[in-house]
Each structure stands twice: as structure tokens, then as C-alpha cells.
Amino acid sequence: LTGVLDDCLCDIESIDDFNTFKIFPKIQKLQERDYFRYYKVNLKRPCPFWADDGHCSIKDCHVEPCPESKIPVGIKAGSSNKYSKVANHSKELEDCEQANKLGAVNSTLSNQSKEAFIDWARYDDSQDHFCELDDERSPDAQYVDLLLNPERYTGYKGPSAWRVWNSIYEENCFKPRSVYRPLNPLAPSRGGDDGESFYTWLEGLCLEKRVFYKLISGLHASINLHLCANYLLEETWGKPRWGPNVKEFTRRFDPIETKGEGPRRLKNLYFLYLIELRALSKVAPYFERAVVDLYTGNGHEDAESKALLLDIFRDTKSFHMHFDEKSMFAGDKKGAKSLKEEFRLHFKNISRIMDCVGCDKCRLWGKLTQGLGTALKILFSEKEIQSLPENSPSKGFQLTRQEIVALVNAFGRLSTSIRELQNFKVLLQQTR
């Protein structure tokens, strides 16, 4: 897999080097920090699109939630702790309650700035979301330690998994009725079509719709890479051995086995990496403000976490072949606005489909597609980010802790996927 990617002026070798030597080691460290390892998620939300077809009973599908005692106090602090100075004033108390209803309380801010949230709480930014967010106040929402529940092969497959991906590709990617070939790479049969006519059609789509398909395909490729790299190789005396499965990797990505599609899927992974890399470079000013603190209650660790995050932002800005998001939605204003809204709603629908995944561990990592939704939100909020006030939260652009955790972990998954791809290249050379 070499050469320049479609729809951008970046080559694969440059991304490999940049990711291996700059991004991957630092993002790994950042994901191990308390602020980023605990993610609050509701794994019991019912599927909104079809009757539940049963949960995966394989033990590797299980997610072990975190006991409350393990969660840093600054992360789990309730809204009553956020506004202690104004708690005795009824007007402000009403505002606090309203803030809670809007899900606007954000524990990423240091104590001295939390009162400023009362102003921002009146503003509901749900119109900017590209994802269906879990209600953190639901009794079914639980903290999960992402380090103890890694994304890997669980054995979840068959009709349930096929239906989820089929719904994502066929009902949410843009496709005219004249194209009969299924978009879903898991479709059982695509006849004699080797994919060339499909890709000729794809190239004929407008950039935005083409990008949408590539993002979903890249996400799928990343998930498949993780499953291949972290595969249950054997289990003796109850002790599982996990590792890379070259045969499974070949089945999913080899050009011959996939009728030429495997390399295209991997190219879409690189394209998705570029999109999220661009979002990180764009959101840097939001975090560079002194008012934003990755708050867990441990001042020393919080300062180190922020320093590491800002270091990663400096690296992302230094990358010289970014995707140019200004080329998207650049047509006439009315048409561009309509297409952007369609883009947002399609992606939001995909985030809702994640509640239909029957394997809890797969559902957990599926919900981290919220990270891509957050990246898209950032890319479409450049003006708001540039005009942020230095010493107070902004009404125009805001990220919740959940969005920040999802953004970093989703990008961490892509960085790991590209690193694992290098490992598979070595393993394939050794087996020839």
C-alpha cells in the first residue's frame, strides 16, 4: 500500500512515518491517563430500528463496568459541586438545574471558571452534534475503564453483525437507486462485479458524499484491523492467548481475496486518519486557553495530561499535508447548508445504530464513533473556535468531557490501526 491518497495531496508513506515516530507513542500515553481512560456509556439503550435479536453470549463480548470507588472524584463529581459559590441563591440554583437538564455541565473546567457555565447553560448546542449522545444521568449509564476493555476479536458475527453494517452502508451512505451493487463489504454475493463499476460511480459523486462513504469504510477497516491484530489465537486451561492473525488479515484485506477492494479499504483508513488529524489541529486553540483544565481532582496529573495533549497538538500542526476541509460544502450557500445538514443527520443516525450492536464490547467501541462525530463538529466550527474568549467558556463552541474522551480515543484507535498495519506488513513478508 503506497502512493498518494484520493481527494487529498498526501501520501501513505508520510502518514506512516508521522504516526510511527510522532503521534503513536504520545497518544498511547495520553489514553492511559485517568481523564481519558474512563468513559461513561449506556450499553442498555434499546435498538431504535428493529426488535432486539439477542445479545452475544460469548464471554469476550462482556464489558466490566467500573465501580464508582475507582473513578477519580473530579470526573464523577455531581452538578452540586460545580456551583458551590452560588448554591444558596435560588435564581442561580434554577440556572444550575437548567444546565443539568441540557447536559451542559463540563468537568473539564477548573473551579474558578465554573460559574461562567451559568451563562453558557442557556445555550443548547445539540444542533451542532453529529452523534446521538448517551444521557449521562441515566441510571443505566456506567463508567467503563477502556484500558481494561480493549477493542479486539470477540467472536461476534453472523446475521446480527451483518444487519448493523448493512444498515450503516445501505441506508445511510449516499447512493442513487441506479446502483444495485451493495455498499456493504460483508454482503454475501455481489455477482460478477469486481467493484470497478462501483468505484467509477463513486468517483462521480460530489466530494462530500464521497468523503462520507470513505469515513464509514475507513472506520470499518480500522475495526477489522483491531480484530485481526488482537485475535484469540488459543485458550488453554482458561488462559487465552491474543495476538495477530495473518490468515484473518489476508481474508479481509488481500487484493485477491477481496476482488481488489482490500487496499481501497485500507486507503480509506488513512483518509479517516487525516480527517481526525485535521480536527485535532483545528481544535488546539480551545485547549490552549488557561481556562480549560483536564480536571480529575489530581492537580499534578491534570497538568501533565494537558501538557501531553498540547504537545500532540503541536505535532498535528507541524504535519504539512493536511486534508483541506474548506473544499467541502463550498458550493452555493443554500445547497451547501442543506447538504451539510443531510451529512450531519446521516452520521447521527449511524451513531444511533450502535445501540443495535448485540455484543457489549463491540457496542462500547462502536459508541466511540462519537469521536468522529466530534471531529466533524470541530471541522465545521472553525470560526467559533477562533473567536473563543480566553478566560471564560464560550456559547458558540463547547465540548463535553464525553466528547473530548471520545475524540482522543477514536484517534488513538486509528493511530493504533496504522501501526498494526506496519506489523502485518512485516509478518506477511516473513510468511512468504
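Quick reminder: no glycine exception, Cβ is built from N, Cα and C everywhere.
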CYS359: disulphide-linked cysteine among CYS228, CYS362 [source: TrEMBL]
CYS362
For CYS362 (disulfide bond), which of these binding-site residues sit within 10 Å, Cα to Cα: ARG152, THR154, SER217, ARG252?
ARG152, THR154
Distance from CYS61 (disulfide bond) back to CYS359 (active site, nucleophile), taken between C-alpha atoms, in Å:
5
Could you state the CA-to-CA distance between SER217 (FAD binding site) and CYS61 (disulfide bond) to the nearest Å?
23
At a 10 Å cut-off from the C-beta of THR154 (FAD binding site), count the other C-beta atoms across all protein chains.
19
